[in-house]
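Remarks on the structure that follows.
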Amino acid sequence: MLLSSSQVLFFSSLSLGTLLSISSSSWFGAWIGLELNLMSFIPLISSKNNQYSSEAALKYFLIQALGSSVIIMSASFVLSSNELAIMLMTVALLLKSGAAPFHFWFPSVMEGLQWPQVIILMTIQKIAPLSLLSYTLYSSNLPIIPAAIISSALVGAIGGINQTFLRKIMAYSSINHMAWMMSAVLISETNWLLYFSFYCFISTSIVMLFNFQEAFHISHIMNYSSHSPQMKMIMFSSLLSMGGLPPFTGFIPKWFIIQEMISSHMFVILMVLLMSALLTLFYYLRIAMMAFTISSPSTKWGMKMMSTSVLTPSLLYINLFGLLAPNLFMVIL
């Protein structure tokens, strides 16, 4: 689907706002970047073809405006109480990024978006809040961050178990991955960038598959997968990679984070993360097995015949890279 000139303009200003936030030398410049990012994303959400887009745009605007107001309020406490100011700043950034316990808006907004906007919300829109969050963590050690990590891991794992709508499953999966990314932020900026890069590649590949199939419910995956054996293999490997099952690509960043957390003696948080990873892997495995084994021949007439010559190799390479990565690392080391 080709982008219109207005969509290109708003996406460019959205990217500019993100770059301004992460490269700014002052909190005022970072706040301006966040506002530019917000005002550019709202027109991208709005769509005449989706009746829920207006509701999603309004919810997103109100939540982000609340987070921006908390950031402004935290600036007034810098001179009187620096600890309170950093606490409020951290709460605002957690709210903007959709981390638990400030996650309630995230699944409902995701439910009202089309798949291209879902990719932006899950990836690009997390760059600026997480980058600013890393700046606050380097200046102080707040107890709210471990609490947010544990709650995000549990909410993301438990919340997605009983879901059948794919966008809500991806939303709760993103909340769970937020716990891993915040843990990586506590360790070092390099680990966070590594995990976030893998997360962007894998989640984008899965959302591209869902958009390609026009799937919004688990049953839609079964219908399409039964029509295409190639799509069965791609969907199976992509979902297991997203769940972090070794030896797929999604396990590589978690492998590094586990090693670093053991070295940093973060055993309690690591135990919660591993338990939550098993739960997320359960509902990814449930979708993968349904797509791989169950067919629905009665609905084959309704599926569109589309070429997968370009999509198939790229998505397979992304999600099967983990099979070759250990050997490559051994050669490098």
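Each residue, glycine too, has its Cβ placed from N, Cα and C.
Note that the coordinates shown come from a computational prediction; the quantities given were computed from them, not determined experimentally.
Features of the protein shown, as given by TrEMBL:
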DOMAIN    24-280  domain 'NADH:quinone oxidoreductase/Mrp antiporter transmembrane'
TRANSMEM  57-79  transmembrane segment
TRANSMEM  85-106  transmembrane segment
TRANSMEM  144-162  transmembrane segment
TRANSMEM  193-212  transmembrane segment
TRANSMEM  233-252  transmembrane segment
TRANSMEM  264-285  transmembrane segment
TRANSMEM  306-332  transmembrane segment
- Item | Top Cβ-contact partner of the transmembrane segment (144-162) among 193-212, 233-252, 264-285 (pairs under 8 Å) | 264-285
- Query: Have the transmembrane segment (193-212) and the transmembrane segment (233-252) got at least three CB pairs under 8 Å, pairs 6 or more apart in sequence?
  - Reply: yes
- Restricting to the same chain and to residues at least six past its boundaries, which positions have a Cβ under 8 Å from a Cβ of the transmembrane segment (57-79)? 27, 31, 34-35, 38, 41-42, 45-46, 85-89, 91-93, 95-96, 105, 108-109, 112
